[in-house]
Amino acid sequence: MNKAERSTEQDELARHEALIKELEDGLPGKRHSNTRIFGTMLVAATISLIAAFVLSIDAVALAANPTADLACDVNAILSCGTVGTSWQATAFGFHNAFLGLIFESMVITMALIGISGVKIPRWLAVAEQIIYIFALVFAIWLFYQSMFSIGALCPWCLAITYFTMIVFLSLLHYNIREDNIWRTGKGRARARAFIRNDGDLYVGIGWFVLVTAAILMKYGPAVVGL
């Protein structure tokens, strides 16, 4: 084998090793595509926006008449009115639904930009992630308050509880894929392995199961029997 042949073979070997490293380090497959990530984000945020819109209308109705009979007042447990007139519903001095209108609109805009193929600026994607950390914590707190303090559940609020997690995970998926949070090191490797092994998918499924199980264990007859 002459020098030129050895050089060609070494180049091919180097390209092969680089390809293997790229496949191991990368996130191949449709699940990691912009269409799948931002499509999931868009659906979840749209459902949450609809819920927030209905709740904002209910908030206006309750402000005018605290005893108003709302469409989602099904029984003593499934009661938007009971939840909507609690202090927790206006934790920041105004109805929580108006926060939903703002945040979900922001996410929907970002999702549409992402689906169109436009690169999301790193600062914007990270800012959205930080916002949704607080949004998720707030949603969990509200769910806990509904379950154990207010003693009633709001169906539209539950929709937001479910899908806030999905929006959060979609943002996390994108930020990990783009190395927006961890640029190098073990954190990056572990985060990408988490996404590659469908960790975000399992967390989302687990969240739906956990919330549903908690509701059924505490209020099963009232919810199932309606």
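Keep in mind that glycine also has a Cβ here, set from the backbone N, Cα and C atoms.
Curation plays no part in TrEMBL annotations; they are all automatic predictions.
Over in TrEMBL, the protein carries these features:
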type     : residues : note
DOMAIN   : 32-175   : domain 'Vitamin K epoxide reductase'
TRANSMEM : 37-57    : transmembrane segment
TRANSMEM : 97-116   : transmembrane segment
TRANSMEM : 123-144  : transmembrane segment
TRANSMEM : 150-174  : transmembrane segment
TRANSMEM : 201-220  : transmembrane segment
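Confidence over the domain 'Vitamin K epoxide reductase' (32-175), given as mean pLDDT on the 0 to 100 scale, stands at 94. With DSSP states grouped into helix (H, G, I), strand (E, B) and coil, the domain 'Vitamin K epoxide reductase' (32-175) comes out at 111 helix, 2 strand, 31 coil.
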